[in-house]
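Per TrEMBL, signal peptide is recorded for 1-19. What TrEMBL lists as disulfide bond is Cys29-Cys44. The domain 'Cupin type-1' annotation in TrEMBL covers 58-206. If you look up TrEMBL, you'll see Asn103, His108, Glu113 marked as oxalate binding site. Annotation comment: TrEMBL describes His106, His108, Glu113, His152 as Mn(2+) binding site.
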Amino acid sequence: MQAVFVYLVVSAVLSSALAYDPDMLQDICVASNSSDVKVNGFACKSEANVTASDFAFEGLAKPGKINSSVGSLVTVANVDKVPGLNTLGVSLARIDYAPDGLNPPHTHPRATEIVFVLEGELDVGFITTANKLISKTIKQGELFVFPRGLVHFQKNNGDKAASVISAFNSQLPGTQSIAMTLFTATPAVPDNVLTKAFQVGTKEINKIKDKLAPKKS
């Protein structure tokens with residue numbers, strides 16, 4: 001029985017130690033988005049059809065147009081935008097912030113994130129599972145790391161625009177915004193779950209849902 005327990009503990013440790021994108025087994029495996037084959041990642045398209053454009057992306061070169069209510073815009077350069085990233089275990093993003101802009105509390109379930117400040121100054125932080133806030137103000141040329149899976153945020157408290165480049169150790173890190181996940185899920189999270197969790201009434205929950213609901217065009 002003790003041997004079984006030791007085996008289970010060792011297996012759990014090894015599983016967590018190896019919890020990142022799997023290593024590639026060939027030189028390239030450009031994602032075939034049209035393939036019906038379901039794998040952990042994307043099926044490879046034929047090398048005969050691979051071009052340089054599969055490995056290039058110009059979307060991070062310039063600031064994006066910010067029109068969100070929170071005052072920030074995230075432009076991703078993951079495997080969905082750069083098919084050549086498939087199996088390589090890396091991706092980037094650019095985040096632009098208006099003055100007083102916020103990248104709201106969120107998590108990346110599949111990657112650690114490191115941000116490098118291109119311009120401006122940001123208050124950044126993450127919360128550990130012990131409920132401790134680790135935070136700092138970072139400015140141009142500085143960086144900060146957000147451990148995988150932990151809730152984190154960035155806030156531009158200045159009166160000028162700011163921007164960062166974010167790097168991830170996953171081709172598709174995933175993002176879960178805490179507010180959007182809880183209040184705009186489909187099907188909806190039951191109101192009695194939210195009222196109990198936040199210790200507020202149904203009226204307050206509905207106000208938040210109305211604020212976060214997608215704008216009708």
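Here the Cβ of each residue, glycine as well, is placed from N, Cα and C on the backbone.
Distribution of TrEMBL features across the structure.
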residue: Cys29; record: disulfide bond; contacts (Cβ under 8 Å, 6+ apart): Gly41, Phe42, Cys44, Asn86, Thr87
residue: Asn103; record: oxalate binding site; contacts (Cβ under 8 Å, 6+ apart): Val70, Ser72, Val74, Ile95, Tyr97, Phe153, Gln154, Lys155
residue: His106; record: Mn(2+) binding site; contacts (Cβ under 8 Å, 6+ apart): Val151, His152, Phe153, Thr175, Gln176, Ser177, Ile178
residue: His108; record: oxalate binding site; contacts (Cβ under 8 Å, 6+ apart): Phe146, Arg148, Gly149, Phe168, Ser170, Pro173, Gly174, Thr175, Gln176
residue: Glu113; record: oxalate binding site; contacts (Cβ under 8 Å, 6+ apart): Val145, Phe146, Arg148, His152, Ser166, Ala167, Phe168, Pro173
Recorded positions (Cys44, His152), the one with most neighbouring Cβ atoms at 10 Å: His152
Shell of the oxalate site beyond Asn103, His108, Glu113, same chain only (C-beta within 8 angstroms of their C-beta centre): Ala93, His106, Thr107, Val115, Phe146, His152, Ser166, Phe168, Pro173, Thr175
Any further residue of that chain within 8 Å (Cβ to the Cβ centroid of His106, His108, Glu113, His152) of the recorded Mn(2+) site: Thr107, Phe126, Phe146, Leu150, Val151, Pro173, Thr175
